[in-house]
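Participant: Pasting in a structure now, in structure tokens, and then I'll have a few things to ask.
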Amino acid sequence: MAQVLYMALPVPAKPRKAASSSSSSKPLKFSRRSCCTNISIPTVKGRGKRLVKPQKLNLEVSPHRAVSAVRLMRIELGGAFADLLNEKGKGSGENEMGYVQRTLGFRTRELSHHDLRLVTDIVGGTIRWRRYLDHLINSLCHDKDISSMEPLLLQILRIGFYEVVKLDMPPYAVVDENVELAKVALRPGAGNMVNGILRKLVVLKENGTLPLPKVEGDDRAQARALATLHSHPVWMIRRWTKYLGQEEAIKLMIWNNSEPSFSLRANRASGFSRDDLVAQLNALKVPHKLSLYLDEFVRIKTGLQIVIHAGLLKKGLCSVQDESAGLVVSVVDPQPGETIVDGCAAPGGKTLYMASHLSGQGKVFAVDVNSGRLRILKETAKLHQVDGVITAIHADLRTLTDNEQLKSDKVLLDAPCSGLGVLSKRADLRWNRKLEDMEELKKLQDELLDAASKLVKPGGVLVYSTCSIDPEENDDRVAEFLVRHPDFCIDPVHGYVPPDFVTSSGFFFSNPVKHSLDGSFAARLVRDS
């Protein structure tokens, strides 16, 4: 297949005001000209030549805004995840530029590393602040119902509003370039609309008069105002206020809206130590800090794409894994020679980490209902050199309760949950979760716990974990399980994790605000001998 080449074509200079972050009362001026070039690239096929369908290359539209708009469309309408990354760590590139071509009708120039960072920032930030941004857009579109607005037009407005209000980008550049995108991708009238709305926003921002609600009135009114100000669903705020109080709920929302940090785990099974990982990060000039809790982990705030692009993940030298997940494995305490069942294993981060502790002795049965994700787990296990101790089983855990061969020393049930502890990394989850989901999840968690308990040998250990901060998914599920299964009792996690993570009930719990980690829970339960 022919490779599409991006050529540096001469473009007439476009008159534009110098970008400035300072406020100005001067009228905004925008260019109405765009430069698109059709490129036909000959491809040799056998002895003849074939012309590839001309690709319209637009050199005027800001590439990071075009890619951001299309990616936001895919996430909201197509179910794609917000953290798309290809194997080269570019999250975009030729594959995603194909989405731009099909969605917008043209391609842009290739994305630079700076463009890629902007795409990540804009997509993640626009999703986090969606409710806040939509409130502002709705306030400035007095005669428009944004719920019926064209999806692409709405995404362009969200991008522009986010860039002005949250990124403090130079307003002239933001207005000019989003107008250009709307005109080329939609029509001139759409560009004029974006122009008028963004100009209003810039004035309100400079005057400090953004139309935002006040936190006042009864509990429901306050929850609605906080939902807009901190861009979360109302039901989450009411739930967190109930369990945490309003002050802690606000702190949690601020954490969820902050730029996430990531942890890397050195893969000791392949002989790659944390010292080796630190040396690689130093060579790549990626700022980092050593984990305070786990010997194999390093925390980074920026530079993840640099690490991916350098091939450290692809070579199996390290994994992206939050320390909270590593601490759940500490609660399991896998030892060489043990048999362990991971009941909901995929995508496999905890499975691989447990397997690395076995030093080639023992077995981890990785059970999951998703065959595709299980296949990826098997491939990663081979890459991490732990495939010799991992056996993948494609099945629903609830169908394996009578399997004597799977009865094990330890069973980890990392249960499907709301994910309310990982909203800083998975901003899209806050909009995909509904209050009614909670009851269905609790029922599923109970069923899986009952099934998992039947695979624990007498005297063995069952660890129940979630990436949720909700007590109804955590403490309450354990309490009800113990009523149904009096042959199990709580084994406090003292000694397995640092004391700061141990609750009064003897469970592990990582608090995002307190510990600056993902929210996570684990209970260690022992079966009578």
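We number each residue from 1, going along the chain as drawn.
Cβ atoms here come from the backbone N, Cα and C positions, even for glycine.
According to TrEMBL, the protein has these features:
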- 252-528: domain 'SAM-dependent MTase RsmB/NOP-type' (DOMAIN)
- CYS344, ALA345, ALA346, PRO347, GLY348, GLY349, LYS350, ASP368, ASP396, ASP414: S-adenosyl-L-methionine binding site (BINDING)
- CYS467: active site, nucleophile (ACT_SITE)
Participant: So how far apart do the S-adenosyl-L-methionine binders CYS344, ALA345, ALA346, PRO347, GLY348, GLY349, LYS350, ASP368, ASP396, ASP414 get, largest Cα to Cα in Å?
Facilitator: 19
Participant: If you count CB neighbours within 10 Å, which one among the binding-site residues CYS344, LYS350, ASP396 has the smallest count?
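Facilitator: Taking CYS344, LYS350, ASP396 as the binding-site residues, the minimal 10 Å Cβ count falls on ASP396.
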Participant: Give me the long-range Cβ neighbours of ALA346 (S-adenosyl-L-methionine binding site): same chain, 6+ apart, Cβ under 8 Å, in sequence order.
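Facilitator: Listed in sequence order: ALA366, ASP368, ASN370, ARG373, LEU374, ILE376, LEU377.
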Participant: In angstrom units, rounded to an integer, how far apart are the Cα atoms of ASP396 (S-adenosyl-L-methionine binding site) and the residue listed as 'active site, nucleophile'?
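Facilitator: Distance (Cα to Cα, whole Å): 20 Å.
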Participant: Could you tell me the mean pLDDT the prediction assigns to the domain 'SAM-dependent MTase RsmB/NOP-type' (252-528)?
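Facilitator: In the predicted model, the domain 'SAM-dependent MTase RsmB/NOP-type' (252-528) has a mean pLDDT of 96.
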Participant: Using a 10 Å radius around its CB, how many other CB atoms surround the residue listed as 'active site, nucleophile'?
Facilitator: 25
Participant: Tell me the Cα distance separating LYS350 (S-adenosyl-L-methionine binding site) from CYS467 (active site, nucleophile), rounded to the nearest angstrom.
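Facilitator: Taking the Cα atoms only, CYS467 (active site, nucleophile) lies 12 Å from LYS350 (S-adenosyl-L-methionine binding site).
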